[in-house]
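*Asks:* According to TrEMBL, the feature substrate binding site maps to G41, G42, R63, N156. Summarising the annotation, TrEMBL assigns domain 'Aspartate/glutamate/uridylate kinase' to 3-234. Per TrEMBL, the feature site 'Transition state stabilizer' maps to K8, K215.
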Amino acid sequence: MSKRTVIKIGGSMLAELSEEFYKGLIERQRSGEELIIVHGGGPAINEQLERANIEVEFDNGLRKTTAQVLTIVKDVLFHQVNQSIVSQLQALGMNAISLNGYDHRFVHATLLDEQRLGLVGDVKAVHTDVLETALREQMVPVVSPLGLTECGKQVNINADTVASAVAKALTAEEFIVVTDVDGVYIQAEKQAKLNEKDIKKFIEQGDITGGMIPKVTGALNSLSDHLQRVRIVSGKQRLTVESGTVIEKGTLVP
């Protein structure tokens, strides 16, 4: 089986993705790697909500999602952001397909707390048939983080949650988190690899701070028996096998 890699692109990075980044994706696919992209879209959603005079509300990092908000979320994620990524890939000669978890019924979800959050879900299961079909046909699935509950409710899901669940369901070997920095820096020096012990130490010492803390801790939380490594990379540069910083569980050899 070909190596499988899930790539999560945050909404704040979408407008900054470089042509070099996309070319790196093409190189990886042509080398035989199977790629799956999961994207966010927060800034674009906020902009559309503000234009519609709808209040933007979050609770512990999760967007409060009424039926009215969900209509805008779906439109922005699938018809704007997703289509933009697919169009960019196709313009560069890559075979990509637009998918979302509710139309294609492969992201099964449960409501987190409908009274507090509205139509916000967590992933219950990922049924991989549609993804496997796309990969067999050498296409790159580009997935919007939306899901469907057992009773047929469409829900908004955090993109990191969907990406991690997709990686687990497809038994991906690598999970790449695309950010606005080209890795983790310790005292101005980029780290090629970090493990759990390293990260804990550097956070306690104040060498890893600010927005990088949730990135590295989130990467650690994604690791499991099937997923041995997470790579934090920049979307402004070409994506290669040496890009960014690799987060692993194991102890590094000095």
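Heads up, the Cβ atoms here are built off N, Cα and C, so glycines get one too.
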*Asks:* Which secondary structure state does DSSP assign to G41 (substrate binding site), in the simple three-class scheme?
*Replies:* coil
*Asks:* Around the substrate site recorded as G41, G42, R63, N156, what other same-chain residues have a C-beta within 8 angstroms of the site's C-beta center?
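*Replies:* Checked against the 8 Å cutoff, the neighbours are G11, G40, I45, V73, V76, L77, P145, A159.
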*Asks:* Using all protein chains in view, find how many other C-beta atoms are within 10 Å of the C-beta of K8 (site 'Transition state stabilizer').
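*Replies:* Result for K8 (site 'Transition state stabilizer'): 28 other Cβ atoms within 10 Å.
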*Asks:* With a 10 Å radius around each C-beta, find which of these binding-site residues (G41, G42) has the fewest other C-beta atoms nearby.
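*Replies:* Counting other Cβ atoms within 10 Å of each of the binding-site residues G41, G42, the minimum falls on G42.
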*Asks:* Averaging the per-residue pLDDT over the domain 'Aspartate/glutamate/uridylate kinase' (3-234), what integer do you get?
*Replies:* 90
*Asks:* Write down the Cα-Cα distance for K8 (site 'Transition state stabilizer') and K215 (site 'Transition state stabilizer'), rounded and given in Å.
*Replies:* 12
*Asks:* Roughly how many angstrom lie between the C-alpha atoms of K8 (site 'Transition state stabilizer') and R63 (substrate binding site)?
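*Replies:* About 18 Å separate the Cα atoms of these two residues.
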